[in-house]
Amino acid sequence: MIACRMSSQDLSITAKLINGGIAGLVGVTCVFPIDLAKTRLQNQQGKDVYKGMTDCLVKTARAEGFLGMYRGAAVNLTLVTPEKAIKLAANDFLRQLLMQDGTQRNLKMEMLAGCGAGICQVVITCPMEMLKIQLQDAGRLAVCQQASASATPTSRPYSTGSTSTHRRPSATLIAWELLRTQGLSGLYRGLGATLLRDIPFSIIYFPLFANLNQLGVSELTGKASFTHSFVAGCAAGSVSAVAVTPLDVLKTRIQTLKKGLGEDTYRGVTDCARKLWTQEGAAAFMKGAGCRALVIAPLFGIAQGVYFIGIGERILKCFE
């Protein structure tokens, strides 16, 4: 009996990991261009290169082609599987562990489970976003460089070689250089800011989703439909994403290694927040909020839909 239960538990955990991984891959593929626009909008300082999300996507497509809108996607697609798998599986595991009765709603325990999931995921999230941001922002830096060169043709703030570096950065090269010069801590630059963003996000998202999803649970099946889970994931994701946008802006600014001419560098979260407030005003903390909502809503809607359909369970049954 014990062996049988252990086998079933192992199967359940594996299925949850597969569900989280598949959901992450599908979600990232669908919304990555909007995420790229969010990163570029959040990193703008002084004169804006892009007026908004649509303007950013149009200019990116014209200057860098369709594939330019997926710059950095390879990093995300590689690492989003373990990231989303850890996040969703950790929350599910902690909820079952902390809840006294599986059918009883307990907001405090749900928030604590969400907090635990947010902490677990940063092991993957921090280095993934560190590399992704450098690749996503390269196109904006190239535009800034060209504008500076046009304005001051006799004075070149960047060397000719740096142009190609901005346009053709490599995730492998960036990772190797960070490890060589700064060690493992280089890949975990902005870890504190990542925790400050992801823990509140998870505390808001998971309890909100669980309660919204519960509204659509069928008495016959004991589960919500795919459509309801998708809508609940979208709603909870968009609310959570907008709520933590100021922290996401700080994280993006801190993790960006290369800056344009005249752009600030930051020593940490407090220094970044102070400079952002004094030099760009309160509105700067909400840069990319619309993009974040458009990215996170379908990303988590798809994630929860796939998760509750149970694709992982069906895949594992094929190997039984």
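Backbone N, Cα and C atoms are what each Cβ position is placed from, and that goes for glycine too.
A quick note: this is a predicted structure, and the numbers were derived from the prediction, not measured.
According to Swiss-Prot, the phosphoserine annotation covers Ser150.
Per Swiss-Prot, repeat 'Solcar 1' is recorded for 11-97, and the stated evidence type is sequence analysis.
Taken from Swiss-Prot, the feature repeat 'Solcar 2' applies to 105-215.
Summarising the annotation, Swiss-Prot assigns repeat 'Solcar 3' to 224-313.
The transmembrane segment annotation in Swiss-Prot covers 17-37 (among others).
Same-chain neighbours of the transmembrane segment (66-86): 16-25, 27-29, 32-33, 36, 57, 60, 117, 120-121, 123-125, 127-128, 131-136, 138-139, 171, 303, counting only residues six or more beyond its ends whose CB sits under 8 Å from a CB of the stretch. Residues or ranges marked as transmembrane segment in Swiss-Prot: 66-86 (among others).
For 111-131 (among others), the entry in Swiss-Prot reads transmembrane segment. Within its own chain, the transmembrane segment (111-131) has Cβ neighbours under 8 Å at 72, 75-76, 79-80, 82-83, 86-88, 90-91, 94-95, 97-98, 171, 174-175, 178, 187-191, 194-195, 198-207, 251, 255, counting only residues six or more beyond its boundaries.
Per Swiss-Prot, the feature transmembrane segment maps to 190-210 (among others). Here the transmembrane segment (190-210) has Cβ contacts under 8 Å with residues 87, 91, 95, 105, 107, 110-111, 113-115, 117-119, 121-122, 125-126, 129-130, 232-233, 235-237, 239-241, 243-244, 247-248, 250-251, 254-255, 268-269, 272, 300, 304 of the same chain, all six or more residues outside its ends.
Marked as transmembrane segment by Swiss-Prot on the basis of sequence analysis: 230-250 (among others).
Annotation source Swiss-Prot lists transmembrane segment at 293-313 (among others).
Across the repeat 'Solcar 3' (224-313), DSSP classifies residues as 70 helix, 1 strand, 19 coil. Below 8 angstroms of C-beta separation, residues 50, 53, 56-57, 60, 69-73, 76-77, 80-89, 136, 288, 291, 294-295, 298-300, 302-307, 310-312, 315-316 of the same chain, each at least six residues beyond the ends of the transmembrane segment (17-37), sit close to that stretch. Note: the repeat 'Solcar 1' (11-97) comprises 75 helix, 0 strand, 12 coil (DSSP; helix = H, G, I, strand = E, B).
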